[in-house]
């Protein structure tokens, strides 16, 4: 098996060592008469599949980062352990994709140098383990976090055109080692099969844009207005969630609505709190260790006022942005206490923003009392009722009678036979397609989708015409003056044709050159 011009013996030896785990010179390999067998080709195919498998998982990892804070909260509620698991996931994924990528590059270079693809048994075991780990990750994702499959589908609207270009480029580069292998092998049947598979894959890629759709493929003058921002528990990347500091930071980010969660204390005071337990966002374990596991509603307002609702934010650093806080912000965060709904309403009224909230827990035996107490706090605060967005479904009719000016937001899609028109809906971003968003917009129904943190997702929803988004990253989305990308259909069509033509010419050149 002769080395092609330009491939020196030293280079071939350096490639053989990490791939085959043997320090044997290329000349010795020739004397041994070693060649790439069908068994070796099978392992190369397996290596290529593992590389693609880990590459797809890397893509999923990047996509689910938008929702990973929810996963961190879930693990804390189950194990009482706080850790930014997204960092662990990214490191593990980077190791797996780096390992398979290095092996694949070595194999391709060995093929170009005319050396045998003798994959060492250690690599074979590690590749099998890599495949099992990624398969387990996908299985766990499907069982425990199935909605992320919808997130991946939405992400293709943002990345589809660029994934197409990348896939065409990657497959085009494979033309060199493929041509090298075809010209060297004497198995005519294998040559035909490889060429047919490669040609079928390239034709499929060349025609892939026929199935790619994205709301951001539109003319500039068709772009809808930028969605309004709703602060998810305020600005939780800049301040402890559901505190007055978080509300004020959200106002600085130009949010139009402060989204929060309300519970009612044992003595009837509505206060801001998301979790049913106080352990994640307060120091209740230090102040009331014997009562730490109790429901938040079991504490009276005097007890709640003794709790520190800010230091956890500095200690656990739920978001990387905590590290960049100024000394003044750190000092203010450490002073935060659990605010009452009345205090939040007063701050919202002073800042001229709306407030939207859930009332928890919905299955509580005194829920109707909670509704009445919450309504009393709203009416007593003097905030204009049109600034209050009511989310809870329980006893909604009573709310309409007692506070007719309150705006009602529904956590569901509209029904065919609605008794009253639905004017506002609040849904997970996975639950509405671009077509549904456009239809609601035409029917003058305000659509708010949650939780949207990544610019790519915000861009897709912006192009779709969503009215507003609930976000943890208001400081990031505030700075976006335009979607990440916007292409007229004619421009995209031209890019598609040029990429395909260039790829085709390079492939022809590769086969001619290698011959």
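Each residue, glycine too, has its Cβ placed from N, Cα and C.
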Given the ranges 471-492, 493-514, which one is assigned the annotation transmembrane segment in TrEMBL?
493-514
Of 125-143, 144-162, which range does TrEMBL call transmembrane segment?
125-143
So which range, 41-65, 216-240, gets flagged transmembrane segment in TrEMBL?
41-65
Long-range neighbours of the transmembrane segment (493-514), counting only residues six or more past its ends (CB under 8 A):
161, 164-165, 168-169, 171-172, 175-176, 179-180, 183, 202, 206, 209, 487
Let me spell it out: take the transmembrane segment (163-183), skip the flanking residues so only those 6+ beyond its ends count, and list any with a Cβ under 8 Å from a Cβ in it.
4, 108, 111-112, 114, 156, 191, 194-195, 198, 201-202, 205-206, 208-209, 212, 495-496, 499-500, 503, 506-507, 510-511, 513-515
